[in-house]
Amino acid sequence: MAEEEAEKEITTFEDFKLNKQLLNAIEDAGYEKPTPIQQQAIPFIMAGQDILGIAQTGTGKTAAYLLPLLMKVKYAQGMNPRAVIIAPTRELAMQIEESIGLLAKYTDLRYTAIYGGLGPKTQIEIINQGLDIVVATPKRLMELYLRGELILKEMKTLILDEADKMMDMGFMPQIRQILEVIPRKRQNLLFSATMPDKVVELSEEFLEYPTRVEVTPQATPVETVTQVMYQVPNLRTKIALLEHLIQDTEKLNRVIIFTRSKKNAESVSRFIEHRNYGEVRAIHGNKGQNTRINSMEAFKGGDVRFLVATDVAARGIDVTMVSHVINFDVPFVYEDYVHRIGRTGRAENAGAAITFANEAEMYHIRKIEKLIRMQIPELPVPEKVEVFETPFEEQQEIAKSIDHLKRQENPDFKGAFHEKKGIPKGKPKPSKGDPKASFWKKTKKKGSKKR
């Protein structure tokens with residue numbers, strides 16, 4: 001029966017036989033027609049089947065599981081949640097909560113998001129008022145369950161969103177704990193942008209005869225994103241190239257800049273702020289929860305032009321009009337590249353992803369290209385951008401990285417780093433007239449004030 005339903009051509013939301021409350025909310029939200037993942041997944045979910053969904057950010061996957069869930073839960077009932085949605089980060093949990101509010105606005109359903117970083121007192125008060133749906137991060141969910149504050153015995157549906165990131169963040173033990181304590185008779189939905197071995201293992205433990213729905217091949221970037229890359233020799237030249245690009249305020253009007261480290265996120269943020277290229281915020285693990293929430297809300301509202309972020313901190317960002325994603329550093333977890341560039345080109349809007357890579361990072365670029373099954377077009381560094389000499393310490397770091405990567409591929413490789421001679425000692429200093437000289441001096445100070 002479910003297969004017959006799934007085979008019918010779905011062209012409108014009415015074709016799903018959703019109730020009037022949901023259809024009115026969909027119309028208010030401005031959704032005109034179902035996306036491919038919604039067309040494929042919703043009939044099977046409504047038929048009660050377990051689902052393994054492979055879909056990237058920006059494809060409409062959240063509504064793909066929320067719409068049938070809201071049809072199933074229908075109205076407020078009892079005190080304990082009948083559906084649990086688990087997300088890897090608080091930012092994503094908050095985004096899912098916001099999406100529920102958008103789609104359930106004409107129902108009386110009760111829902112909340114619970115996550116760490118804030119005291120549990122307020123969250124417990126909301127739980128005690130009665131819930132139908134709870135969105136949670138794994139640790140906070142288990143914490144409140146073990147304290148006896150969250151009762152899961154009436155749960156009928158469990159959804160894992162961004163399962164690949166959940167595995168990357170080491171949540172497998174918590175997920176196994178959760179699976180041990182919740183009712184065995186339930187519907188399970190697992191969504192992931194990619195399918196690494198750990199997610200395959202989880203799906204085999206977690207899902208009962210699942211239907212697999214996949215809107216794009218694994219790790220294929222969203223088609224609406226134009227990708228380019230520049231080979232850039234060092235950090236100072238990356239800053240110079242960034243400065244050159246962001247002067248185009250018309251094209252690069254809302255930009256997320258990804259870095260691999262908190263240190264680089266702070267350095268890039270301070271540079272943009274000092275040069276007055278627009279409002280900028282940085283979000284990373286050292287930022288307080290309220291600061292991160294306020295920064296994302298300001299970016300989402302259009303008050304901030306630049307958001308500088310590390311990968312984990314940026315999970316859950318859902319802004320439809322991001323013009324560009326800039327990979328200031330190449331991610332070493334290759335699936336993160338797909339997640340990063342998926343922050344632009346959302347909801348069928350055009351977007352662009354620009355990547356900077358030094359010699360060592362080019363190794364990772366080649367691996368990413370194999371993963372995404374395409375070659376990222378390379379552009380020459382513009383003539384107006386000054387290409388700086390690589391400082392000795394940075395040369396050493398790059399050479400060591402290259403040696404390490406080569407040894408991973410060939411254990412017999414002896415390494416070329418120790419053979420390098422004739423490199424002058426000491427780090428070249430920027431000239432007095434170099435406007436970036438003060439930047440590098442300032443960003444190396446310890447104890448500087450955070451925003």
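A Cβ is built for glycine as well, from the same backbone N, Cα and C atoms used for every other residue.
So that you can see what the record holds, here are the features copied from TrEMBL:
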type	residues	note
COMPBIAS	400-422	compositional bias 'Basic and acidic residues'
COMPBIAS	439-451	compositional bias 'Basic residues'
DOMAIN	11-39	domain 'DEAD-box RNA helicase Q'
DOMAIN	42-213	domain 'Helicase ATP-binding'
DOMAIN	241-387	domain 'Helicase C-terminal'
REGION	399-451	region 'Disordered'
MOTIF	11-39	motif 'Q motif'
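Summarised as a single figure, the pLDDT of the domain 'Helicase C-terminal' (241-387) averages 89. Across the domain 'DEAD-box RNA helicase Q' (11-39), DSSP helix (H, G, I), strand (E, B) and coil residues number 18 helix, 0 strand, 11 coil. According to DSSP, the domain 'Helicase C-terminal' (241-387) comprises 59 helix, 24 strand, 64 coil.
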